[in-house]
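Student: Take a look at the following structure, please.
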Amino acid sequence: MQFYESTPATGHPQLSPTASNNSNNSPKNHVIRHNLPTPPPSHSASPAPLDRQKCVYESLPNLYYGSTESQLAKQIKLLESHKDFAEENPFFVADISSVYKQHIRWKNELPRIEPFFAVKCNPDPYVIRLLAALGLGFDCASQAEINTILSLPTSCPATEDPSNNIIFANPCKAASMVKFARRNQVKMMTFDNTDELHKIAKLYPSAQLVIRILTDDSKSVCRFGIKFGAPLDAVPHLLKTAKDLSLNVIGVSFHVGSGCYDPQSYVDAIQRSKKTFEVGESLGYKFNLLDVGGGFGHDNFELLARSLGPAVDEYFPAETGVRVIAEPGRFYVHDAFSLATNIIAKRGSADDIDEDMDDQSPKVMYYQNDGVYGAFNCVMFDHAEPKARPLTVQSQLVLEDVQLNERKVDSEEISCSIWGPTCDSLDCVMKSHKLAKGLQVGDWLRWDEMGAYTICAASTFNGFSRADVHYTSGADSMEAQEVRRILQQTAPDLQGLIMYP
């Protein structure tokens, strides 16, 4: 077997006939670990340290070793060195170890609640494979999303037992998708109306149904109650209809909205779920599943969890045997992806500033190579407020603010607006922001926390390409080492390599 090794001098892969030890490289089934990991053992027979030589998925892009900053710098330098013929396209850097760190946070705060990752949030192949290896279930809303999980090349709970580890969490499904779920043993699915019940009774009578109830989502950034969820006063009729159709309803689901900022919203939803359980019991059902949905933010997760966890234990004690799941999406990937964009044009300059203009009024309009039709669709559809900072100023790399001040560049900030590349005047990423005054055409901007509802909904409107993704497994942290170990053990073909930066 051959490995790809990367030399520190160039960072480019070179083919090397390195022998491998079959016992060290045999793929294993899924790995489920919930405690902080210990560093993996070293392999003395390997010509490079274990952390810098790991087998990964042959069909996926290279997975590099190092921090997000090192990969951003590497890509910028590579583009600059080939600027005579290279295209200045936007690109992501994804730190997969960040996803694992979030999983540790989840297990520490909500150990009883099983996470079912919301595939719609970011169906990135490395993210999906890592979460599958960690034993997560998956929240799918379409045939394509279900197929993404069932097509995983390695063994994991979701592929071995889709009936228990995939939930078709879309209350209004196309008939063809219900049939697809039936053919593939995806049994758990949600409903919130009688027409859906009749559809399922005809097409998939053995499905395991979950009634989605309406909750108070007024304390969330993105509210879903206007489209989905049965009011409590409609629950008796819906469950009676399901009973008359001999359908198996196994539990209750809700969603307090995405970006929830009030812990009481979850407590109220748990109380409503308890009432729904009682209605089901009065009709002869014995519910055994509670799905607490998503809406978990990155910044306030502990605050929400410390209200949700006790509420679940109070109204649904562990001894009742009720299985509790959730549908986190952005929580896992929000912080893992950073986006680099290039300033392709600007209007106005420091010499043309009107001294009478308000200090907060944009004095410069920057045009970059990605916008709301691309990764920044999150501005339009997800109420996101991304923030930019310079990656280069006057072609000099500035990865941190201190570097900006140390460089001999104009670091004074100026009010500006940032626009996407398309011909649409709606393509405005930021109406008002402050960036270094010295930014020029050709400089690069960095946008962090771009992992949720960005690349998955990007289009190629006006002929502009979607941003590519460059992957890193992190540097020397324990979490990064564990991610590399897991990905090696779950790789089915053992042909790729985690590469040196």
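The backbone N, Cα and C atoms fix where each Cβ goes, and this holds for glycine too.
For 1-49, the entry in TrEMBL reads region 'Disordered'. Per TrEMBL, compositional bias 'Polar residues' is recorded for 1-19. According to TrEMBL, the feature N6-(pyridoxal phosphate)lysine maps to K120. Look at TrEMBL and you will find C423 tagged as active site, proton donor.
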Student: How big is the gap, in Å, between the Cα of K120 (N6-(pyridoxal phosphate)lysine) and that of C423 (active site, proton donor), rounded to a whole number?
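Tutor: So the Cα of C423 (active site, proton donor) lies 28 Å away from that of K120 (N6-(pyridoxal phosphate)lysine).
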Student: Any same-chain residues 6+ apart from C423 (active site, proton donor) with CB under 8 Å of its CB? Would you list them in sequence order, or say none?
Tutor: N462
Student: Just how many other Cβ atoms lie inside 10 Å of the Cβ on K120 (N6-(pyridoxal phosphate)lysine)?
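Tutor: Excluding its own Cβ, K120 (N6-(pyridoxal phosphate)lysine) sees 19 Cβ atoms within 10 Å.
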